[in-house]
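See below for the structure under consideration.
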Amino acid sequence: MGLLSDPNRRQALIKLLTRLNAPICFVCYFAGVAWFMGLAFEPFTLRTYMSENAMGSTMVEERFPAGERALATGREFAAHKKKVGGMPVDWLVKTMQARGLEVFTQSFSRTLPFPDENTERYVVKGTNVYGILRAPRAPRTEALVLSAPCTPGDNNNQAVGLLLGLAHYFRNQVYWAKDIIFLVNEHDLIGMQAWLEGYHHTNVTGMDWSPLQGRGGSIQAALSLELSSDVVTSLDIVLEGLNGQLPNLDLANLFYAFCQKIGVLCTIQGKLQRNDWDSASGYNHAVQTMMLMVMKQASGRPWGDHGLFLRYHIEAATVKGVNSFRHYKTDATTIGRLLEGMYRKLNNLLERLHQSYFFYLLPSLSHFVSIGYYMPAFGLLAVILLLRALDLWVQLSAQPSRTEDGVAGTEQSNPGVLSVLTPLVISHLTGAALYMLPVRFQEVAVEHFPVSETEAVVLTAIAVYTAGLALPHNTHRLLSGEGTEMGWRVLKLVALLYLAVLLGCTAVINFSLGFILALTLVPAAAYVTPHVPKALSAFFLVALSPACTLLFSVFFFQELQEMPVSFQDGWLLYLSVIAQGMLDHYLYGSLVFPLVALLVYPCWLLFWNILFWK
């Protein structure tokens, strides 16, 4: 503290930081990237372990015997689904009642803000069916959920059959201390959203649904099952939820522990466990797995039905059955025993899962990176903004230049509030237009151009985004004439602090999104001034803009999944991602689209305005 309290030492430190500002910023940036890439290296990771004592041992005897019967039920479900052309509600109600459950239905409807061309729907109407197995040994104040979405075609029929088979088996057991809810939801995420809103008596998305006639206790945990084959080679666990939320790590640890016990191949991000961590190929495998998780978490979308449970502080995950070309095969009876074991351990919980981590990255199911390990990588990038802001503050605090008469130049020392306030206001108005206009003006666009509603929304968003590059251009001249040298410095100081706070808040909520934005926006923010070459700098700034970051992320994600695409296919996928991001916001409350439109894009426009400052 003596270094900062002594004025002479403080001044010397400030001079050192300003004199070496650029080299320190370069070192911090590359150190942050190197730190992040090193997170997948074994010394930087911790081995996963069970933190919750109630689930610390997998010593339960799984006896589920009815795998073949469950598959037969799944085939019967598929036949009735094909017969009625959708959800066989009546058959499901009768089947669940025959298994001794209290059965209820919920109807719902939702009009999308614009058509979802991926599933070809605009008005969604459906029915959820759920049965409640009441706990025989407790006051019924807590519950667990097992869900299986009813999807079109032949997908997920086996999951519904296994769900019904487990319901029949669980009904004959007497050790349950929590209600178990067996849910078959229609239209995937939309149906799940309607059921969760009805269960918790909330309506945050404006969906129409009928009130639930039956409820269980407070939901402690949930699993969503996706199984579309009679035989699977491995089970994949999906953890990423809405707005980058993750379930408590103990839930993933429980899944991994039972897979190890029963002998089932388990994967995360579709990648198997490897033991050669010290080799180059093993490290590359871990980096790809971790980066896939980062990209999915940064998208802010729920990657399974479980993703909507996390909003209600319910620990949930999706278990997917994968049928690939591996020689190892797992039958439905083994999967049923794994789920039985997990629910028996969750049944032992005396409190909500809270002992383990909620913020983590997984390079594999056996190793994890805690928040204390990965946040320094972001901190090294964020400190660059503070160093550049300090440099500008020192420049602005220096004595103003004197004229020949010894009078300070007022034009240089006083940039004027309007010259700084005007670009701030106009940039944010542009962001507000990007947020509101695409959906509101889709009908106008369809009338004047030969495009569909979805194409009109996406193209309007791109048009507003591109027009924004010209609208705030030299906006300080609207009210205050020519800009001053000190004016752009004040504006950049404000923009740097604004970006630092914005990225810091984003990283706390969704580290992956905050890190990706920092990776691209920090170099642009640190580099841009009005005195750099305009054409090259403009290209550099556009390449690091939010829209281009999303475009690069689409191609990078496909490469990580080992499914590379051509530029034309990648562009179509990019347009689809934009549309899906908007739909996720309006349907489920994803915050990525409003964050980018209302905050990140206007902040980037401030640096664009600084580049062309005159």
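Glycine is treated like the rest: Cβ placed from N, Cα and C.
Sequence annotations record features per position, and here TrEMBL assigns transmembrane segment to 20-41 (among others).
According to TrEMBL, the transmembrane segment annotation covers 373-394 (among others).
According to TrEMBL, the transmembrane segment annotation covers 415-436 (among others).
The annotation transmembrane segment is assigned in TrEMBL to 456-472 (among others).
If you look up TrEMBL, you'll see 493-526 (among others) marked as transmembrane segment. Long-range neighbours of the transmembrane segment (493-526) within the same chain, counting only residues 6 or more positions beyond its ends whose Cβ lies under 8 Å from a Cβ of the stretch, are 25, 29, 33, 36, 243-244, 293-295, 297-298, 300, 359, 371, 374-375, 377-378, 381-382, 384-386, 388-389, 392-393, 396, 420, 424, 540-541, 544-546, 549, 553, 591-592, 595, 599-600, 603-604, 606-607, 610.
Sequence annotations record features per position, and here TrEMBL assigns transmembrane segment to 538-558 (among others). Tertiary proximity for the transmembrane segment (538-558) is limited to same-chain residues at least six positions away from its ends with a CB under 8 Å from its CB atoms, namely 292, 295, 298, 462, 465, 469, 516-517, 520-521, 523-524, 527-528, 564-565, 570, 573-574, 577-578, 596, 600-601, 604, 607-608, 611.
Annotation source TrEMBL lists transmembrane segment at 570-588 (among others).
Feature annotation from TrEMBL assigns transmembrane segment to 594-613 (among others). The list of residues near the transmembrane segment (594-613) in space but at least 6 beyond its ends in sequence, with Cβ under 8 angstroms from a Cβ of it, reads 423-424, 427-428, 430-432, 434-435, 465, 468-469, 472-476, 483, 487-488, 491-492, 494-495, 498-499, 502, 506, 513, 517, 521, 524-525, 528-530, 532, 534, 537-538, 541, 545-546, 585.
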Cβ under 8 Å to the transmembrane segment (570-588), counting only same-chain residues 6 or more beyond its ends: which ones?
110, 112-114, 116-118, 189-190, 193, 205, 242, 299-302, 308, 438-439, 454-455, 457-458, 461-462, 550-551, 554-555, 558, 594
